[in-house]
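Peer 1: Quick paste of what TrEMBL says about this protein:
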BINDING   Gly114, Ser115, Asn116, Gly117, Lys118, Thr119, Thr120  ATP binding site
DOMAIN    26-101  domain 'Mur ligase N-terminal catalytic'
DOMAIN    112-291  domain 'Mur ligase central'
DOMAIN    315-439  domain 'Mur ligase C-terminal'
Amino acid sequence: MTISHELVTKVAASFRINADQEQSFSSVSIDTRTLQKGALYVPIVGERFDGHIFIEKAIQAGAKAAVWQKDYAVPSSVPDNFQLYYVEDTLKALQQLSKEYRKLIDPIVIAVTGSNGKTTVKDMLFSILSLTGTTYKTQGNFNNHIGMPLTILGMPKDCKYLILEMGMSEFGEIEFLSELAEPDIALITNIGESHMEQLGSREGIAEAKAEIRAGLSAQGTLYIDGDEPLLADKQHTHTKTIGFNPANHSFISDVSTDVNGLHFTLADTDRFTIPLLGKHNVKNAALAASAASGLGLSAADIQNGLSQVAISKMRLERSFGQDGELIINDAYNASPTSMIAALETLKGLSGFSRYIAVLGDMYELGGNEKELHTKVAGHISAPITHVLCVGHKAKWIYEAIQKEQDPLHVSWAPTVAEAAQSLKSIVTKDSVVLLKASRGLKLEQIVDDSLESGKGETNK
């Protein structure tokens, strides 16, 4: 990527220029710890931080210029020939600069949101579309009002497809991101319970996710989970529904599982295989395949991409423990919907002597959090043999299981460290272990503390 001086001046009220240096920048950075030589530094101001105080570190790291908030005095330590672009607000300038760069490069922009599965769908689309042209995607969790502009500004100048993941916790956030990105295609993967505390209900969550339509072009296409009633009235000029109901535009049928992964038929015509666990990933793949098909890719290209998909870590990530047990690490995050889906994945496996579910706290569920945790217990059944609940909220799952599931081995630990010790006495070489909890619990630490995985990761 290259950001030109002319592009930056579009968002600056004024500037001081160093005529002796090349007037372009190799990258845009808000963090002096990762800033690369030749970058444009944008000091962001937050409630607890102010990037302006790190200007000297930015210069030492090789920043060529900086965006500078006009109401901040420039420190005397900043050389007189260091290039500055003066703006009213550095965050707004970053966002506007990304909008200008998006217009300049003019890729096909694909926006993805949803309570669960958005990162998986993003990764699937990246794997498919990369086969036909330069493709760039959201890195890590750069899916908010700061991360998404940085993602846009990071795309190469020959980018054909830009895949943007859009996250949120409040009303209005997806709307802002969509209007900033102006997507050509938008996808809503599903509606779960994440952020129930802030949004009040699943209906509220559906409204917030549907804000992705705000910036979608009139000629653009919206792809949604057609099996979700809460999305039925969240239409766009061009809307495609995907799901297991035959009434959908692209309906999923003939799902099967074997050692190679999941197989399914889409729209009664094309047969696809994905090297992943979890029936919910069939719908994720169907959404990605439908969007790719809408862009003109053939079924063969789509299958080729799906077969090579590399899913982000801690999303049904498979590895083997020190005794040969299979570990399914799905601990990146959790909601009741995704936890139940993970349990169904565990129950769908065969050939193990012990099926162990390690279930941790789920956060941001609002006033119904006890009920929503308890609900999970109703989905725990054979072949699951052991359940280890971790954390004070997960204790509700433990208590519900104790009332209903007499043959089941169920235990509870208040902390991850204590759970790791308990797990050591449960796991055998013929075990399969599922880890599922909200991000804040850091349940994946059990892998290092108890299971010592790493002997042959099986995810691609």
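Just so you know, glycine gets a Cβ as well, placed from its N, Cα and C.
Walk me through where these features lie, including what they touch and how far apart they are.
Peer 2: When other Cβ atoms within 10 Å of the Cβ of Gly117 (ATP binding site) are tallied across all protein chains shown, the result is 29.
Over the domain 'Mur ligase central' (112-291), the average per-residue pLDDT in this prediction is 94.
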Peer 1: Taking the Cβ of Asn116 (ATP binding site) as the reference point, list residues of the same chain whose Cβ is under 8 angstroms away and which are at least six residues distant in sequence.
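Peer 2: Within the chain, Asn116 (ATP binding site) has Cβ neighbours under 8 Å at Thr189, Asn190, Gly192, Ser194, His280, Ser335, Thr337, Ser338, Ala341.
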Peer 1: When you measure from the Cβ of Thr119 (ATP binding site), how many other Cβ atoms are you left with inside 10 Å?
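Peer 2: I count 24 other Cβ atoms within 10 Å of it.
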Peer 1: 10 Å Cβ neighbour count around Ser115 (ATP binding site)?
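Peer 2: If we count other Cβ atoms within 10 Å of Ser115 (ATP binding site), we arrive at 25.
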Peer 1: Among all protein chains shown, how many Cβ atoms are found within 10 Å of the Cβ of Gly114 (ATP binding site), not counting that one?
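Peer 2: A 10 Å sphere around the Cβ of Gly114 (ATP binding site) contains 28 other Cβ atoms.
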Peer 1: Which residues, in sequence order, are found in the same chain with Cβ within 8 Å of the centroid defined by the Cβ atoms of Gly114, Ser115, Asn116, Gly117, Lys118, Thr119, Thr120 at the ATP site, excluding those residues themselves?
Peer 2: Val112, Val121, Thr189, Asn190, Asn284
